[in-house]
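I have placed the structure first, in the form of structure tokens, so that the comments after it can refer back to it.
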């Protein structure tokens with residue numbers, strides 16, 4: 001396949017390479033720091049930071065699926081990707097994206113228990129429960145995405161190998177197929193429903209109950225403290241799900257591919273910023289890590 005990407009802006013290849021290399025370095029550095037401080041600082045060994053550490057790891061992997069190939073394409077001015085390379089890129093892209101949605105839902109559940117049932121928090125959100133939620137997400141998603149990838153790449157493709165996208169994704173690949181893609185579309189939208197819309201709905205319901213519980217707190221300071229414990233997660237969820245739930249537009253390809261680019265690259269860059277700026281504990285741990293001799 002040939003990833004056209006920015007081929008219509010060939011004069012900007014050098015600038016694109018520089019910008020996306022800087023973005024990739026920021027993603028790697030920011031998320032690695034978040035993961036590191038949640039491991040080294042004993043005050044951050046709680047369920048919320050356990051999920052945050054795994055979210056940072058997912059963001060690094062998620063970005064690494066697409067950005068290195070894009071950087072090579074900009075540098076060599078060559079958008080070719082092998083059949084197996086495209087299949088691998090698609091599989092890990094949808095795998096990590098689905099797990100991230102489930103992980104954000106698990107983080108919402110953690111905040112719900114912390115705010116709405118604080119007396120039983122340590123009992124309900126034990127380390128074993130957190131590990132089971134994480135492992136369960138992988139166990140559920142892996143076979144489903146294996147099935148979707150197999151279903152897409154067993155299709156017969158037409159003469160054209162041009163993908164009007166920056167990376168291999170399901171919708172542009174289905175456009176190149178020479179067979180009926182009805183069941184592929186059914187599979188695609190079922191996965192979107194199960195791994196994006198349902199987790200998002202769960203997050204919305206959780207935060208409705210959280211906000212209701214916070215408003216019942218009599219003191220302004222208490223309400224502010226309660227809301228500050230989940231404002232970072234709410235910011236990340238808002239940024240991620242609003243973009244992720246925007247599906248393809250049949251009217252124009254360009255807005256969709258730029259939106260996909262924004263989600264897969266820019267969102268992982270902002271997640272560490274949101275957590276470090278909005279979370280006092282993370283800021284303290286980060287300063288301690290950077291300034292301790």
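Residue numbering: from 1, along the chain as shown.
Using the three backbone atoms N, Cα and C, a Cβ is placed for every residue, glycine included.
Here the structure is a predicted model, which means the values were calculated and not measured.
Proximity of distant same-chain residues to the transmembrane segment (12-39), defined by a Cβ-Cβ separation under 8 Å and at least 6 residues beyond the stretch ends, is recorded for 6, 45, 49-50, 52-53, 56-57, 59-60, 63, 67-68, 70-71, 74-75, 77, 265-266, 268-269, 271-273, 275-276, 282, 285-286, 289. If you look up TrEMBL, you'll see 12-39 (among others) marked as transmembrane segment.
The feature domain 'G-protein coupled receptors family 1 profile' is assigned by TrEMBL to 30-275.
TrEMBL lists 51-76 (among others) with the feature transmembrane segment.
Listed as Cβ neighbours of the transmembrane segment (88-109) (distance under 8 Å, sequence separation of 6 or more from its ends, same chain) are residues 48, 51-52, 54-55, 58-59, 61-62, 65-66, 69, 81, 130, 133-134, 137-138, 140-142, 144-146, 148-149, 152-153, 167-170, 173, 191, 195-196, 199-200, 202-203, 206-207, 233, 236-237, 240-241, 244, 264. Per TrEMBL, the feature transmembrane segment maps to 88-109 (among others).
Using a Cβ-Cβ cut-off under 8 Å and counting only residues 6 or more beyond its ends in the same chain, the transmembrane segment (129-146) has close neighbours at 47, 50-51, 54, 91, 94-95, 98-99, 102-103, 106, 109-110, 191, 194-195. The feature transmembrane segment is assigned by TrEMBL to 129-146 (among others).
Annotation source TrEMBL lists transmembrane segment at 186-205 (among others).
Among the features that TrEMBL reports, transmembrane segment is placed at 226-245 (among others).
Residues or ranges marked as transmembrane segment in TrEMBL: 257-277 (among others).
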Sequence-remote partners of the transmembrane segment (51-76) [C-beta within less than 8 Å, at least six residues beyond its ends]: 3, 5-6, 13-14, 16-17, 20-21, 23-24, 27-28, 31-32, 34-35, 38-39, 85, 89, 92-93, 96-97, 99-100, 103-104, 106-107, 110, 130, 134, 166-167, 236, 264-265, 268, 271-272, 275
